[in-house]
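Working notes for the structure below.
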Amino acid sequence: PATWLLAARGLRLTALLGAGLNGLGAWLKCASLAPGRYPVTLAAQAVCAVAQVFILGLAPRVPSVWSGPTEVSTACAVAVLGNQLGTAIGFLLPPVLVPNTPNDIDLMAHNISIMFYGTAIVSTLLFFLTGVVFEEKPKYPPSHSQAVLQTMPHEDYSYKQSIINLFKNIPFVLLLISYGIMTGAFYSVSTLLNQMIVTHYEGEEVNAGRIGLTLVVAGMVGSIICGLWLDYTKTYKQTTLIVYILSFIGLLVFTFTLDLGYLIVVFVTGGVLGFFMTGYLPLGFEFAVEITYPESEGTSSGLLNASAQIFGIIFTLVQGKLTTDYSPRAGNLFLCAWIFVGIILTALIKSDLRRHNVNSGIMNLDVKAVPVDSPVEPENTTLKIQSAL
């Protein structure tokens, strides 16, 4: 539903719903501040989880609508960085705001209330800011590809047909699976990181949180570098495949150095792993937009996010079971095997950069927008557009 809303109703409404639901969930958490209200906490978390799907789909869509062809990948990377920044704050602040005080439950309750009310106030402020400053689209299209899309009658858009078109697009299907594998593996590692660290380094819960923070912050740097590189080179498939291979190597190194007994090694290998695995996120979004143009960026990114969630749930359950019954190494090797499959699938993707071709004047005959006042030209002619540029 969030993907349909983004494609059919636009950026502003989707952003307002995401920010509004996030604020609502935060205030519901404030209403759960009592020992007997745990179901209210779960309901509040569910509302925040629903809000997330509206926000995640904006990462590739906003840059495509607002950014020119030489900056769109960097803008997408910055959007992904924003998501990761929130995760980094989530690793950093809760242990500071709510230190472990098992002998003083009243103090712990007071600290939790400060965290909940603080989150609710910030979320509400972001909702109002979204309402004030967030616009649907710029006055003039920032790129040739956006100008083409804006000439297409909106009433001709069919969400169902768009989904069908995407699943008929073999390169996108391969990317859908490989993106789900990589991002699902990242979700699983992030979720089980504390358990893996504590297994080999008993009593190091605080450092486990710091390693998680290192993983996310390194990933933020990786996202920006990958975005800048894409804008500079437009080598979508090559960059995606290289980062995939380096993520595989990074996870192997992390797996076989985790039990050496040196936390500093885990910090370094975790940072390297996060750099490449999170750096892959904007690559996947942007590659999908290129090979599926002129389909909506929100639809392709929504499917990618759904794939990531499905693989993330399966990987977390299986890796958690392997880690508990055998060892963290067994769980990580399970993920390595799947990432190797993802490398093969990525190598099979045909790199048809449709959006880039339109922006470069290398026209794609699959994309046509013929104005009614233009003369009819031969069948093999280039793309015909009417633009205010």
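Quick reminder: no glycine exception, Cβ is built from N, Cα and C everywhere.
Keep in mind the model is a prediction, meaning the values are calculated, not measured.
Residues or ranges marked as domain 'Major facilitator superfamily (MFS) profile' in TrEMBL: 1-354.
For 42-60 (among others), the entry in TrEMBL reads transmembrane segment.
Annotation comment: TrEMBL describes 72-94 (among others) as transmembrane segment. Sequence-distant contacts of the transmembrane segment (72-94), counting only residues of its own chain at least 6 positions beyond either end whose CB sits under 8 Å from a CB of the stretch, comprise 55-56, 58-60, 62-64, 66, 115, 143, 190, 209-210, 212-213, 216-217, 219-220, 223-224, 226-228, 230-231, 278, 281-282, 285-286.
Under the heading transmembrane segment, TrEMBL lists 114-134 (among others).
What TrEMBL records for 170-189 (among others) is transmembrane segment.
Annotated transmembrane segment per TrEMBL: 209-229 (among others), in sequence order. Distant neighbours of the transmembrane segment (209-229): 73-78, 80-81, 84-85, 87-88, 91-92, 95, 189-190, 193-194, 197, 235, 239, 243, 263, 266-267, 270-283, 286; these residues of the same chain sit at least 6 beyond its ends, with a Cβ under 8 Å from one of its Cβ atoms.
The transmembrane segment annotation in TrEMBL covers 241-258 (among others).
Proximity of distant same-chain residues to the transmembrane segment (264-289), defined by a Cβ-Cβ separation under 8 Å and at least 6 residues beyond the stretch ends, is recorded for 59-60, 64, 72-73, 76-77, 79-80, 84, 172, 175-176, 179, 182-183, 185-186, 189, 193, 197, 201, 210-212, 214-223, 225-227, 230, 236-237, 239-240, 243-244, 246-247, 250-251, 253-254, 257-258, 297, 300-301, 304, 349, 355. According to TrEMBL, the transmembrane segment annotation covers 264-289 (among others).
Feature annotation from TrEMBL assigns transmembrane segment to 301-318 (among others). For the transmembrane segment (301-318), the residues of the chain that approach it from at least six positions outside its boundaries are 2-3, 6, 53, 56-57, 59-61, 163, 166, 175-177, 179-181, 183-185, 187-188, 191-192, 284-285, 288-289, 331, 334-335, 338, judged by C-beta separation under 8 angstroms.
If you look up TrEMBL, you'll see 330-349 (among others) marked as transmembrane segment.
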Handout entry: Overall pLDDT for the domain 'Major facilitator superfamily (MFS) profile' (1-354), taken as the rounded mean
Key = 85
Fill in the blank from the handout: Ranked by Cβ pairs within a distance under 8 Å of the transmembrane segment (330-349), the first of 114-134, 170-189, 241-258 is 170-189
